[in-house]
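Enquirer: Feature list, courtesy of TrEMBL:
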- 45-63: transmembrane segment (TRANSMEM)
- 69-161: domain 'Ig-like' (DOMAIN)
- 278-369: domain 'Ig-like' (DOMAIN)
- 374-469: domain 'Ig-like' (DOMAIN)
- 474-561: domain 'Ig-like' (DOMAIN)
- 571-668: domain 'Ig-like' (DOMAIN)
- 673-745: domain 'Ig-like' (DOMAIN)
- 767-853: domain 'Ig-like' (DOMAIN)
- 862-958: domain 'Ig-like' (DOMAIN)
- 964-1059: domain 'Fibronectin type-III' (DOMAIN)
- 1081-1105: transmembrane segment (TRANSMEM)
- 1112-1147: region 'Disordered' (REGION)
- 1131-1142: compositional bias 'Polar residues' (COMPBIAS)
Amino acid sequence: MNISSTDLWLPVESPSPVEDKKTLLSLGITQQHWRRSGVTDEMDFFSAWIVSFSALHCLYFFWGTQAQQAFRTEPRNLTVRMGATAVLRCEVLRASGTVQWVKDGLLLGPHRSLPGFPRYSMIGNPKRGQHHLQIEKAQLDDDTTYECQAGQSESSPAIVSNTAWLNVLIPPSTPYFEGDVATTPWIAGKMYTVACVAPEAKPMAEITLYKDGVELTGAESFTMSGSKDKLLNTHAKVTVAALSSDNGRQLACYAKNPALLRPVGTMLTMSVLYPPHPPVIVGLETDEVKAGRMLMLECVSHGGNPLATLHWTKNGEVLSKTWEEDIVAQKSSSVLYLKITPADNQAELCCESANLVSLSPLSVHRRITVFFEPEKVILSGSVTAVEGQELDLCCYASSSNPPVQIRWWLGYKELNNTVVTIQEGVNGGMTTTSNMTHRVSREEDGLMLTCEAFNKGTHFSKTQTAKLSVCYPPQKVWLDAPSQDVPLHAGTKVRLTCFSTGGNPTGTLTWFKDGNKVSHMQRQMSFDRGVARDLVLVLTASDNMADYRCDATNEAEKTISAYTKLMVYFTAVSMKITTTQEELRRGEMLTLECQAGSSNPKANILWSLGTQRFPGVEQPPVKAQYGGVSVRSSLSLNLTSEHHNQRVICQANSPVLTEGANTFLKLNVLYPPEFSPHQPTQVQVLEDDTITIPLLVSANPEEVSCIWLHRKQKLVKEGNLRYHWSDEHSLMINNVTRKDAGVYTVECANLEGVNQIPIMLDVQYAPGVKAVKSPVFVNMGGTADLMCKADANPIISDMFSWKWLGEEEEVEMGEETQEDKTGLLTIYDVTRAHAGFYQCTANNGIAPPASVDVHLVVQFKPELQKGPQWRKVASRGNGTTTAAVVCQAEGIPRVDFSWEKNGVPMDFANPRYEERTVREGSFHTSMVRVVNVSAAHDYAVFSCTARNSLGEDKLNIQLVSTNPPFSFRQVGVTHDSVTLEWIPGFNGGLQQRFRTRYRWDQSFSYLYVDVFPPTATSFSVTGLQPVTTYYFSVNALNAMGESDYADNNAVLTITTKERPELEETSAGDDSVPHGTRGLPAHLTVVFTVVFGVLLVLNSLGCFFGQRWKKRRLQKGGGGGSVLDGKENEEGSSQSTVNTSNKYESREKINAATQRTLLVESGSEADSNVYESYAAEGSHYYFPTTDYVPALSPHPEEMRRHDASHLPVDSYSHLYEDVRLGGLYQDILASSPSPVPLVDRTVPYQWNNWRSPTNLQQGAWRVREFGDVQQPRRDSDLPFELRGELV
């Protein structure tokens, strides 16, 4: 409130002091204004208050009106787009309660900046009742209901506006096509369903589909819920017929809703597949070609998507599958290089084209005719003959096109006795055969016989010739061979030689065995007048007594022969084992019979099976082939599964021969499944590994079906993807879990029977561990058993280990033992140091180890906090404050408190005493709240007793007032400074600071200087005048108020020294105080007159204030526990002064303090001081960041001021803070913080004892005052930097 020089006292003729008080409070004049003006409690209300004539009308208006608050404008439903700014309007007439907004039932708070809601704020002019809710960057979360509320006040009940709904429009996200329409090509002629989705919209989006810019009609749309509540996904579907002309065209989907200015869309390019055009062949002008020519043919196919694939075939056989594609010309071409052969005659060339969507390949065909020559000309028939015989010859020309002509020549003579035959040949040609007959004579011997073949089409000619010969028979034949009486062993190598002489031509020798020609004769050799030929034999059984003959012959067809025989010893020529049983089964008796074929001499038979030998039963021998004898033997066996696939050997030996003959029979024994002796019955595996359980089973028949059973349930491949059969029967399990452990039973069966075997799967896994019991309670001095139990496989010894998790030094861990799966830590003689968490770790060698924490709680009797800060509580005893006496104990189990005052149990039924107890862990805190502290009744000893089942503890707490400093003395003095020192008194449990005051002997008012650093106990006052007597005092201040001055308000008188000669000046009056030096005389007079007038006005204020106080006492309104709360246009509240040995910083500063500019660093953000002053426009704050004051104090004198300056009365003092740049930060860093009496981490707060205070956020700013820069709003600063006018 600004007071001009024309302001007058407010006439007081109100009918009631209470109404006067409410009227002034409605104008922003609160009791704190009165207290800060420097007037004592006896001059409470009207003292030192000045109002202008313009404010009188407002006072009379409020005195005569008790108006109710009402809404001028209520919020209405509002629709905005996402990201826009929404403003819900609310105007309140005559607002007297706190105006707040409610979002969906949640109060947003009274602050206009709405902390915790960064996008929310209240805008408008609060003086006009405008409390509009502004929501920036609207989101889906903002889509809900809102209400504007004005809280209850003394003059009006609470009011609530209509509910308004904020509708936030959400644009759809970019639409997209569903399914594979964007990736899968279409096929021309088919129908396709195109589905588009416009997601996450509010309201639902409308979808329009286009093909090549033309809207598709007949689309069906429906909506589904989006990813969040209130969001909708729109689905649209339309059926489209694919055309070949659609290939490369655009398919578009657009979505819109009211949140969009223009639609959003997505597009894709259509890919439509269609077949190509039929192909054509280029490069074949005529269908007749000669063999050997190279043809270059090109096949071309136009169109198609994709372009056609081409391939050449000849008579259905593929020749080429390569082709080239020309995207620009939209064609495919394939070049074929074909060398013509006779096989190509009448061949059909074909080129086929097709693509992915062709119903059938398209083709073009060409048939070619090839002219080719005969591959060969053959002259057949014998050109050797006996004189006088007919000679028959044949000339053959292979297939050709066209057919050839054949002519015969003998010497130079053409033979015409021929017969010609033409037939169809290969490759579509014709063969020609000419047969010629001619009787030879001696004269024609040695002449050349010629056959000529001529082709008219290719002008081809080829001949074949032969020489004619006349023959007569040989004359004599004889042999060179062993005697037939000498025996020879089979396998012996024998040479037989045949000789022949005479004959023309010489004879041809041929060997025969038993009338059959021998194929392995040696080459015939010639010598003078004859020939010879050897026969080399490796003797066999068939050579025994066989007839060997050598024949000599030539073309004369007359044969001469010679003969011989050989005696040969040989082993059995054959061995055969037979049985009458068709099927062999395990357990049956098998009878085998072995027959040895012909041998010379007789053979003996032996049996063997593996390493075993059997004699068998032999029968009499019989005659056999090759002049030998045959023998027979039988053997009986009892069959087992081990006989399966084994060989039974039958061997025939002769006593004369070193070698023998043998044969075997492989046994096929049928038996049911049998498991190998090496079949593992126990398999180990680590959890999460892959294990293959082998199954070693054999059976005959080998078609075995095996079933795996686990826990009586059949394992099938389809039931669990982790089961695989690695081979025919072995089981492989992926990602083995501990549930897979156990016995697996395998049942195998074939046609012969069933068998089974159990296999144990041992799954080993890393341990998991859990506490058997946590927490574990034990009394101090007892024995604690901490147990943890592991789930692990395998369980090994020394698997458990224990670790102390406390932050303190290691404690005695105790004895660690293990019982099977349980780890035990036993701690004897437990102390409080053992309390805390212990970590049990289980490690069985399989990573990772597992750990669990076990909490050990040590129970002990209560132990109270008994430091000095707990034994005293400071509070004013004037009946207006509230003190909190705090007692904190540590103990387990639960601690109960009892209180006594001066040895008498306290009665908490008395409304002046309240007790609250909170618990955090082992700490228990009991607080006794003393309302309206009275020095006579409450300055006493409060005894707190903490008890539990283990014992008790007791603490005496004294409730006292704060103590001033003492031993105040002078330390040093100069011509312009004085150094003072003192000893601090009791600080009331809060951090304290000190202030000195002084005046010179010619002054009646004091200068006040705050000590820097604030906690210092010595201080130098500078800027003093030489040879001047000063009076000094010092007192202490904390957040609760200030103390009396040191040493019972003692004053220390000190006279400064003379100025040194070097510093003396010739000008000026040293007796004039520094603060008034240079002040013009007329200004001094003006200030003195104004100061006197203000003294008179203050006296009148004291008079009316005394009258008001008497009226209040007469009406019984004097409850000393509550100070008059502030009331303004924003609402009303009351604040109670609290004091406790916890010393929270919510206490008001002592109202009796002289008016001084302070910087309070210990106040919290919710301090009543700040809450009270924040709304008072008539008080000014000077934060330390807004100005740099002078260091010297200013005299307490009247100053000249105009309407822009504050009024100054005889009781008020204006000071600047003694501070340099960055100085206040040093004070905070160097100042020791008070020891907290209650752990600040405890989540319990005494919120129910705090007085609610509405924090005004006015936009006022400090006006200029002297050379002090106008500061920012105090609410804009951090709490620790806010200034306070006390």
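Cβ atoms are placed via backbone N, Cα and C, with glycine included.
TrEMBL does not curate its annotations; it predicts them automatically.
Help me understand the surroundings of these features in the structure.
Expert: As a whole-number mean, the pLDDT of the domain 'Ig-like' (673-745) in this prediction is 88.
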Enquirer: Please list, for the domain 'Ig-like' (374-469), how many residues fall into helix, strand and coil according to DSSP.
Expert: 6 helix, 62 strand, 28 coil
Enquirer: Take the domain 'Ig-like' (571-668) and count its residues per DSSP category (helix H/G/I, strand E/B, coil), listing them in that order.
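Expert: Helix, strand and coil residues of the domain 'Ig-like' (571-668) number 6 helix, 58 strand, 34 coil.
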Enquirer: With the domain 'Ig-like' (673-745) as the reference, which stretch in 69-161, 474-561, 767-853, 964-1059 has the largest tally of C-beta pairs below 8 Å?
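Expert: Ranking 69-161, 474-561, 767-853, 964-1059 by Cβ pairs under 8 Å to the domain 'Ig-like' (673-745) puts 767-853 first.
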Enquirer: For the domain 'Ig-like' (862-958), jot down how many residues DSSP puts in helix, in strand and in coil.
Expert: 8 helix, 61 strand, 28 coil
Enquirer: Determine which recorded stretch among 69-161, 571-668, 767-853 has the most C-beta pairs below 8 angstroms with the domain 'Ig-like' (474-561).
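Expert: The stretch with the most close Cβ contacts to the domain 'Ig-like' (474-561) is 571-668.
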